[in-house]
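Record features, source TrEMBL:
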- A:H239: active site, proton acceptor (ACT_SITE)
- A:Y24, A:Y129, A:R164, A:H239, A:R242: glyoxylate binding site (BINDING)
- A:77-79, A:S106, A:Q127, A:T155, A:K215, A:S237, A:270-274, A:293-294: FMN binding site (BINDING)
- A:1-342: domain 'FMN hydroxy acid dehydrogenase' (DOMAIN)
Number of protein chains: 4
Amino acid sequence: MDPINVFEYEALAKQLMDPVYWDYYAGGSDDEVTLQVNRTDFNRIRLRPRMLVDVSHCDTRTTVLGQLIEMPIMVAPTALHGLGHTEGEYATAQGAGAAGTLMTASTESTRTLEEIAQAASGPLWFQLYIFHSLKLAAELVRRAEAAGYQAIVVTVDLPILGNRERSKRHTISIPLSALKEMVTGVEEEELRREPMTWETIDWLRSITHLPILLKGILTAEDAVLALEHGVDGIIVSNHGGRQLDGAVSSIEALPEIVEAVGGRCEVYMDGGIRRGTDVLKALALGARAVLVGRPILWGLAVDGSKGVQQVLKILQTELERAMKLAGCPTVASINRALVKWT
Amino acid sequence: MDPINVFEYEALAKQLMDPVYWDYYAGGSDDEVTLQVNRTDFNRIRLRPRMLVDVSHCDTRTTVLGQLIEMPIMVAPTALHGLGHTEGEYATAQGAGAAGTLMTASTESTRTLEEIAQAASGPLWFQLYIFHSLKLAAELVRRAEAAGYQAIVVTVDLPILGNRERSKRHTISIPLSALKEMVTGVEEEELRREPMTWETIDWLRSITHLPILLKGILTAEDAVLALEHGVDGIIVSNHGGRQLDGAVSSIEALPEIVEAVGGRCEVYMDGGIRRGTDVLKALALGARAVLVGRPILWGLAVDGSKGVQQVLKILQTELERAMKLAGCPTVASINRALVKWT
Amino acid sequence: MDPINVFEYEALAKQLMDPVYWDYYAGGSDDEVTLQVNRTDFNRIRLRPRMLVDVSHCDTRTTVLGQLIEMPIMVAPTALHGLGHTEGEYATAQGAGAAGTLMTASTESTRTLEEIAQAASGPLWFQLYIFHSLKLAAELVRRAEAAGYQAIVVTVDLPILGNRERSKRHTISIPLSALKEMVTGVEEEELRREPMTWETIDWLRSITHLPILLKGILTAEDAVLALEHGVDGIIVSNHGGRQLDGAVSSIEALPEIVEAVGGRCEVYMDGGIRRGTDVLKALALGARAVLVGRPILWGLAVDGSKGVQQVLKILQTELERAMKLAGCPTVASINRALVKWT
Amino acid sequence: MDPINVFEYEALAKQLMDPVYWDYYAGGSDDEVTLQVNRTDFNRIRLRPRMLVDVSHCDTRTTVLGQLIEMPIMVAPTALHGLGHTEGEYATAQGAGAAGTLMTASTESTRTLEEIAQAASGPLWFQLYIFHSLKLAAELVRRAEAAGYQAIVVTVDLPILGNRERSKRHTISIPLSALKEMVTGVEEEELRREPMTWETIDWLRSITHLPILLKGILTAEDAVLALEHGVDGIIVSNHGGRQLDGAVSSIEALPEIVEAVGGRCEVYMDGGIRRGTDVLKALALGARAVLVGRPILWGLAVDGSKGVQQVLKILQTELERAMKLAGCPTVASINRALVKWT
Ligand SMILES: Cc1cc2nc3c(=O)[nH]c(=O)nc-3n(C[C@H](O)[C@H](O)[C@H](O)COP(=O)(O)O)c2cc1C
Ligand SMILES: Cc1cc2nc3c(=O)[nH]c(=O)nc-3n(C[C@H](O)[C@H](O)[C@H](O)COP(=O)(O)O)c2cc1C
Ligand SMILES: Cc1cc2nc3c(=O)[nH]c(=O)nc-3n(C[C@H](O)[C@H](O)[C@H](O)COP(=O)(O)O)c2cc1C
Ligand SMILES: Cc1cc2nc3c(=O)[nH]c(=O)nc-3n(C[C@H](O)[C@H](O)[C@H](O)COP(=O)(O)O)c2cc1C
């Protein structure tokens, strides 16, 4: 029997995968408190569905930065898809495209950004880590532009790596060699780690005309700064509970950021999305769309591109059902009154 | 030993029933969060009993839409009683009548509404699904009128079916063939699914003089709309946690609806009623009466009409005891000060 | 090794006692929700201890209705001590007296009130149930006066018995024959059950000069009525969770009653007291003293009068230690600022 | 594999140690409620990290009473290090010094304060119990001054010992003989227990020029009194849940004390610190630094001075990582906006 929800994909993927790789995908930092609350905080939110609305034509489509997608659910950037499936990011890109949505390719992919773009049938964003010199970052941006990526997603919550204890407990470590070296022809001395600040965002703004999104914002204060520095979108995220443990859940952080932004740019969120109703709650709290991390990897590990497509399809079907049951025929009709905190 | 509370009926019914049928009766949608909070939210409410009131004559009787019933506890409409007992809705109707209360017959019964009316010894309401053409709905209403049903309960929370995963996991599915086709002589092309909206309620209002109740309202906003569309009663319900998972519990939704209605129509609730004290809490929060779904089915499965009667009798006895212990000799004396939220 | 706290007495008593008797002592009504919250609500209260107070002379003594007792901890009225120990209420009275505190003798004792008075070495209150005719009640009051009881504690929360399901599940029932018939020489027709109301309290007030206490008040409203009817004290109680299940815990009810009373009569509480710190919390919230039910029965079952004395001694020692650690050298110095709710 | 966090040190220490000694180290008083909430209350606080701050140079150093330490984490005074390791306080002092931080030596050490001072490579505070005569206390203070201790930490929450039931349940008791008699040459009659009050603090103030800190303050009221009596610092503490059970957690008490103090003296806290993020939360709520009790003893038991150093190193590394991930390059940059209560 095919999996009927993403939790069944999770169980299957766990069975299939090498425990070391599994723990890399599944784990959070320290005591995994934030990883947990990313899920449990959704249960603190209750839906207030409306009845007797004509939902016979229910439309899950939306746009993100003007790009039409079939559902307000996108693929979050995650590293090392090669650990889950031999086809790696190829499969993910194909699955996402087949499902009619956008994929964000990670800097830490096991395929080059050009290879991913070639394999992809849907729109792409490029997730950028600025670890080394700005010259390297500029090179990646230029390549992303050339390959047709539609936006640069700068991940800002990883000045250093979080404390992932599951991995520390394994004697075997993740084969980072699998990482496709995205950057070549750079002088050795340029490989020093570059501190990333708001000035780095200004610099990035100056070198590309692509929209810039910041991924990893968790406070209203930083959202306001982001606007001042001219970003085009904000992804509310705690990196799936893998960076600062004890940080607020994404869904708890979302409202204050939406309020601070006041419609001046698009706000997305990721972290803990596992059901169509989770998407509905996030949208009701002001997210334009959500991104999904681990469930995509579960689909990938279980069934390659077909698994990715199927996971997205399940979430879309669940969202559509939830929208109908909540009296929301369109994404635009989802609003704040749909939810209450308990 | 006879069951001493409805939970013991639940355990017995589970033992006796085919697991596929059991899961159909017991299950909720998705992760069954709403199914759960329908129960647990009662524990967030504490009773503030009053002492030294003369409760030697304690009267659980009340009226619903003018109809006297022995207790403010009615039978909720539930589908397919034939799965629980060979006599199906006959037994339920007889049990409800013997207990002195009202039964709501489901559109999805395994007996026709006329057969149920004939078997019944107590008052009846007819629960109407408007799935197909309005012509079909009109026909059902006419038949319900003719058969002596006292009100039409329009279920508004099922524009599509909720995601009942327990049933999806079974390889055998529910024999919907057991459904007594309530509608005959309808042209094929009329069987298209009709979107139900507030206009449908207006139309229904125009074709029957029977009182109209909406079942499945969960917000003050919709309660106000219901009044504007001339309904005679509202049943606060989330369909026993079987439709939108994550929806507010019925008992949590009740107060805002009671407040919005302000006495302009009767308000009932169902969802999670298992003890006399649950009834007391719902009445204190403004419900005129409650409806009970699954416990009736447990009684039915264990002991046919006698089981149904006994489940209702237990709840009445518990309610009467609770009223006495709380200092409420009559249903009318139960008021808001009797409860506090923790 | 001797038990070091009352929980160890509980475990021992459970081992020693017939399960039917044990369940009679231990059980609550329905789902035992109130029984549970009587305990767990103490954990919602946190202590704010004060330092650098001279507690070298710490005095746990207090007065109740002018009577000096060694600790603000008294014996609650509980039925049928004969089930726990062959000496029954004799042992309890001796234990309480040896510990220097007051015992409330139940109407439902296995010894007559005169026998208990004779055995007792400490002060006594008489707990009165008014079940039958007023004539019978008057007779009991007269006998209590004659035997030297210092107050009448009228239990007002038992217009009928709560639903004790543990007992219903046993095939053997409690030998009520063990009850010492406290009342004799009454005509048959007088044995009808008499509804107890505020007028009954007025009548009681008119026939005795003993102080009258109401046991079982849980609301500010009833506390105000009690004052209007001239009572001398209020015992905030839910009968140890044995009557209305879902009722507020005693400790949660206490503050609103203390506030409503405003010092016009003494307020006591019982329900869930198991540690010296529980006593401290109750006193900080305005109780003059607390009563203890089940722990006394555990002591009784384990070791007769010595067990009763030892349970009281443990609680006193714990209270004294808690007072010292909280910076309260006297009972009078315990105040509201000592606690906060979380 | 070396322990990767302090919980792994805990597990190892438990394995290695005699259960009687282990329980002495691990236990709290009564039902260990305060011991528990000291930990769980940290989970009620969520971090609001800031992004795009230059944290490439992250500095965990701070000063306490003007003394520079490598991290805002110090060694809390704990008794009887000889139970954990044969080298006892020598090892602890060496480990703390090697880690670059301050140790508070307990009055109840298994080495004399002079011996500890000699072994130590870092700054020291002396924790003073005033149990006996003031003359004895004066003698200890004079010796501490002479040995180079930089402050006197007066523990004010132990007018008597808390009720440590783990120890009561063991037949073998703690070898208090291991205590190095810190006091000699005192007349017998001076050994009476002296009640400690605010006047004792005034007296202490009058006999030493060393800074005086009060350890064990849990209320704003006492913090204000402390300031009035001229103290130089306050350690918010409930003695690791070993004294008054049911007392507020240290982290819950901290904010009201910080507010009452208003910067007029330094405020520290201890209780339940097990992760760098706990330190971050305490500092965000206004603590200048934290002290750590049990984890130090775990490190000591597992690996002597090296274990102590390693435990401190782990906490520092975790704090540094947390500071970077939260956007705080310095201790001074940590502020109230970094946390919210849920
Ligand atoms: C295995 C794994 C690898 C990840 N790699 C990256 C990455 O390379 N870049 C990035 O910005 N976020 C990365 N993330 C974070 C995700 O983009 C996303 O924020 C997170 O997974 C969302 O939470 P969810 O997994 O609960 O959906 C990674 C997450 C996981 C689980
Ligand atoms: C097995 C089952 C079938 C149901 N069928 C119907 C139905 O045909 N029409 C309807 O309006 N509600 C239906 N309901 C919902 C009930 O009317 C009612 O809202 C719910 O059962 C109340 O919750 P409770 O089961 O916790 O008492 C059904 C519920 C169950 C459990
Ligand atoms: C076995 C048992 C018998 C009781 N019998 C009486 C009684 O005869 N009269 C009465 O007023 N209360 C009676 N109570 C209630 C107690 O007086 C008291 O309210 C309750 O036990 C306090 O709660 P605790 O057991 O948690 O301390 C009884 C309680 C128990 C447990
Ligand atoms: C085994 C042990 C012994 C202690 N001895 C002392 C002591 O001698 N003097 C003192 O002021 N505090 C003493 N404390 C309390 C600690 O200073 C500190 O307040 C507490 O351990 C902090 O909580 P934590 O263990 O969760 O870090 C002791 C604590 C423990 C666990």
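Note: Cβ is positioned from N, Cα and C throughout, glycine not excepted.
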_Distance, A:A79 (FMN binding site) to A:Y129 (glyoxylate binding site) (CA atoms, angstrom)_ = 11
*Rounded to an integer, what is the Cα-Cα distance in Å between A:R294 (FMN binding site) and A:Y24 (glyoxylate binding site)?*
11
*Taking just the CA atoms, what is the gap between A:G272 (FMN binding site) and A:R242 (glyoxylate binding site) in Å?*
12
_Subset of recorded positions (A:Y24, A:R164, A:H239, A:R242) lying within 10 A of A:D270 (FMN binding site), CA to CA, in sequence order_ = A:H239
*In sequence order, the binding-site residues (A:Y24, A:A79, A:Q127, A:R164, A:K215, A:R274) whose C-alpha falls within 10 A of A:H239 (active site, proton acceptor)*: A:K215
_Within the domain 'FMN hydroxy acid dehydrogenase' (A:1-342), what mean pLDDT does the predicted structure show?_
95
*Please list residues from the chain of A:Y24 (glyoxylate binding site) whose Cβ is under 8 angstroms from its Cβ, counting only those at least six apart in sequence.*
A:L80, A:L83, A:R164, A:R166, A:S167, A:I174
*Quick one: give me the count of other CB atoms within 10 A of the CB of the residue listed as 'active site, proton acceptor'.*
27
*How long is the line from the C-alpha of A:A79 (FMN binding site) to the C-alpha of A:R242 (glyoxylate binding site), rounded to the nearest angstrom?*
13
*Given A:R274 (FMN binding site) and A:R242 (glyoxylate binding site), what distance in Å do their CA atoms have, once rounded to a whole number?*
17
_Neighbourhood of A:Q127 (FMN binding site) by C-beta distance under 8 A, where only residues 6 or more apart in the same chain count_ = A:P77, A:T104, A:A105, A:S106, A:T107, A:V153, A:V154, A:T155, A:K215
*Across the listed glyoxylate-binding residues, A:Y24, A:Y129, A:R164, A:H239, A:R242, what is the farthest Cα to Cα distance, given in whole Å?*
19
*Provide the number of Cβ atoms within 10 Å of the Cβ of A:R274 (FMN binding site), excluding the reference atom itself.*
21
*List, in sequence order, the same-chain residues at least six positions removed whose CB sits under 8 Å from that of A:R242 (glyoxylate binding site)?*
A:G27, A:G28, A:S29, A:L35, A:G162, A:R164
_binding-site residues: A:R164, A:R294 - member with fewest neighbouring CB atoms within 10 Å_ = A:R164
